[in-house]
């Protein structure tokens, strides 16, 4: 029964459209799997695994419906809209690079309005300044009005400012409120000035100085105010102390000078006049409108001036030092932020070096990464084919094989195999199959497991491109079924494995003869270890470079960093010394004068013995006790033996009293022969000797 030829794709993608070709291939494979799994209608799935509706068209060039095309166009327009909105918001709220040009232009406009507002108060330049200011105000209204509207619109790129409620929340920000107030005041001034209203020359003229608020809006992000607030908050206790003492000095100085000068000096007729004098004097302004006349008042003023000025000047020094420390801290923070990228690169390089180890074959992410960036090996196959054509006199390998060769004529060059031998992954010139590194690793590992006999019987599956030529299985015995994987991102790229092309004219005997006679020169098993070695060497070099760059960023920034490094090293050294001391105490054993023993009190005998058994000194003492016990027992045995020798008779042997062995209570060693057993054996020996004597 002849097998049905493989189904071709109805919608072939163009050669240069790789993403759409991948989409078509995935859809076709899903449909084939659905037909093979169930006998009913195929159930097609999308790229994310969600089932497609039954009436959904097959994705391909020209096959999409009008609604789908309209949806794609609307999605693209939405992306462009969001991108433009985000770009405008960054230009207005977070300017960088050339965006500062616009903000400098706005600053010049605001500064020009401020200068003209000042000149409009001078009688000589009032008319010219008012005319120029009127024109500039029109320009400012247009610019600020458009900018305010664009700011509110571009705020929609942030999630919290989307929708009407989000826009209203953005409009309630302090700087937006200032912009709105200045805009309304400018419109009111221009409207009243153009109508020639007399009221505009009196009441609305003062509204022009609301333009001073425009200078506040120059710092949209409030960096200066945040810096000042952080410095004041960091040194709040010192500032409160200095201000409190200065205020007390001001009150006492003003009151005492008022008591001394109120009768003799009309300038100090009230306590308020004295407070004014004290404020001007202690702040070192010194207008000179009020001065003490009496000697008592002058002495008090001099004493309190020397004491109070120092406290009034303290906040300036505190704020100055705080600003200096804050700037230094910001520089240090920037220096530390420069370490993030080298540290991340070092971690990534270390992990990739770890994952490329040959003993960790289960880590495949790094191999997938290099599989996506490795160059195509199709040029290598073309180079082999070009060399063979040059050796064959300009003919292709198939033409050389089909050309008749006279009998007995020697061949100039050895023939080159052009067909794929089953069971071997080899490079043969022909049609290339697009196969990734992970598939080649899987095939090579399966070949090593199955062995040469099984490899010869069952050729490894080689995935082929759907857009390539499909040859029927009836005409091509070496046809290999398609093997697709949804995670295979490299199936449309040339690879190391090249598929041969065998014509139908060749017989089976010729194929077998060629398989037995010739072998391909380059195999995947030969190339893949070399590629892995090269990749691992590259990972080692990248790891060393990342390590060197990270060490360069660890250089100390200033003296404070050096002190911190020394203190950290000192703490580390103390910890190591403490650990070493604990180990020495454990080896030698803790004596009676140990500090912990004195602090926690005396331990029980069981605890002391347990501690002694752990320490080396306790073990040495235990061995010494056992040796003493053995020596004592040996002395007793030698004494018993010497008495037996001196008596010389068996009767004396029975009369000799065997000394009892006192077991050493302090020793853990006990002899397997007890002293009772020794006495019993001695009595048995004496009885046996007496019996033998009587028999004689």
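Any Cβ shown, glycine's included, is placed from N, Cα and C.
Since the structure is predicted, the reported quantities are computational estimates derived from the model, not experimental observations.
As annotated by Swiss-Prot, intramembrane segment applies to 272-293.
The region 'Disordered' annotation in Swiss-Prot covers 1-20 (among others).
Same-chain residues lying 6+ beyond the ends of the region 'Interaction with CALM' (343-352) with a Cβ under 8 Å from its Cβ atoms: 366, 369, 539, 542-543, 545-547, 549-550, 553. Feature annotation from Swiss-Prot assigns region 'Interaction with CALM' to 343-352 (among others).
Annotated region 'Disordered' per Swiss-Prot: 445-484 (among others), in sequence order.
The annotation region 'Interaction with CALM' is assigned in Swiss-Prot to 536-550 (among others). On the 0 to 100 pLDDT scale, the region 'Interaction with CALM' (536-550) averages 92 in the predicted structure.
The region 'Disordered' annotation in Swiss-Prot covers 589-609 (among others).
According to Swiss-Prot, the feature topological domain 'Cytoplasmic' maps to 1-97 (among others), an assignment based on a curator's inference.
Residues of the topological domain 'Extracellular' (120-130) grouped by DSSP class, helix first, strand second and coil last, total 5 helix, 0 strand, 6 coil. Annotation comment: Swiss-Prot describes 120-130 (among others) as topological domain 'Extracellular'.
According to Swiss-Prot, the topological domain 'Cytoplasmic' annotation covers 154-169 (among others). Residues of the same chain lying 6 or more positions beyond the ends of the topological domain 'Cytoplasmic' (154-169) and with a Cβ under 8 Å from any Cβ of it are 82, 85-86, 88-89, 92-93.
Swiss-Prot lists 193-203 (among others) with the feature topological domain 'Extracellular'.
If you look up Swiss-Prot, you'll see 225-236 (among others) marked as topological domain 'Cytoplasmic', on the strength of a curator's inference.
The topological domain 'Extracellular' annotation in Swiss-Prot covers 260-271 (among others) and rests on a curator's inference.
Annotated topological domain 'Cytoplasmic' per Swiss-Prot: 324-696 (among others), in sequence order, evidence recorded as a curator's inference.
Taken from Swiss-Prot, the feature transmembrane segment covers 98-119 (among others), and the record attributes it to similarity to another entry. Distant neighbours of the transmembrane segment (98-119): 90-91, 125-126, 128-129, 132-133, 136-137, 139-140, 143, 147, 208-209, 211-212, 214-215, 218; these residues of the same chain sit at least 6 beyond its ends, with a Cβ under 8 Å from one of its Cβ atoms.
A Cβ distance under 8 Å defines the sequence-distant neighbours of the transmembrane segment (131-153), meaning residues of its chain 6+ beyond its ends; these are 85, 88, 92-93, 106, 109-110, 112-113, 116-117, 120, 167, 170-171, 176, 179-180, 182-183, 186-187, 189-190, 193-194, 208. What Swiss-Prot records for 131-153 (among others) is transmembrane segment, and it gives similarity to another entry as the kind of evidence.
Feature annotation from Swiss-Prot assigns transmembrane segment to 170-192 (among others).
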The region 'Interaction with CALM' (536-550): which same-chain residues, six or more beyond its ends, come within Cβ distance under 8 Å?
339, 342-343, 345-346, 348-350, 352-353, 356-357, 366
Report, as numbers and ranges, every residue of the chain located at least six residues beyond the transmembrane segment (295-323) whose Cβ falls under 8 Å of a Cβ in that stretch; write 'none' if there are none.
227, 231-232, 234-235, 238-239, 242-243, 245-246, 249-250, 252-253, 256-257, 260-261, 265, 268, 278, 281-284
If we skip the immediate neighbours and take only residues 6+ beyond the ends of the topological domain 'Cytoplasmic' (225-236), which ones have a Cβ under 8 Å from one of its Cβ atoms?
219, 318-319, 321-323, 326
Give residue numbers and ranges for long-range contacts of the topological domain 'Extracellular' (260-271): same chain, 6 or more residues beyond its ends, CB-CB under 8 A.
254, 277, 289-294, 296-297, 300
With DSSP helix as H/G/I and strand as E/B, how many residues of the topological domain 'Cytoplasmic' (225-236) fall in helix, strand and coil?
11 helix, 0 strand, 1 coil
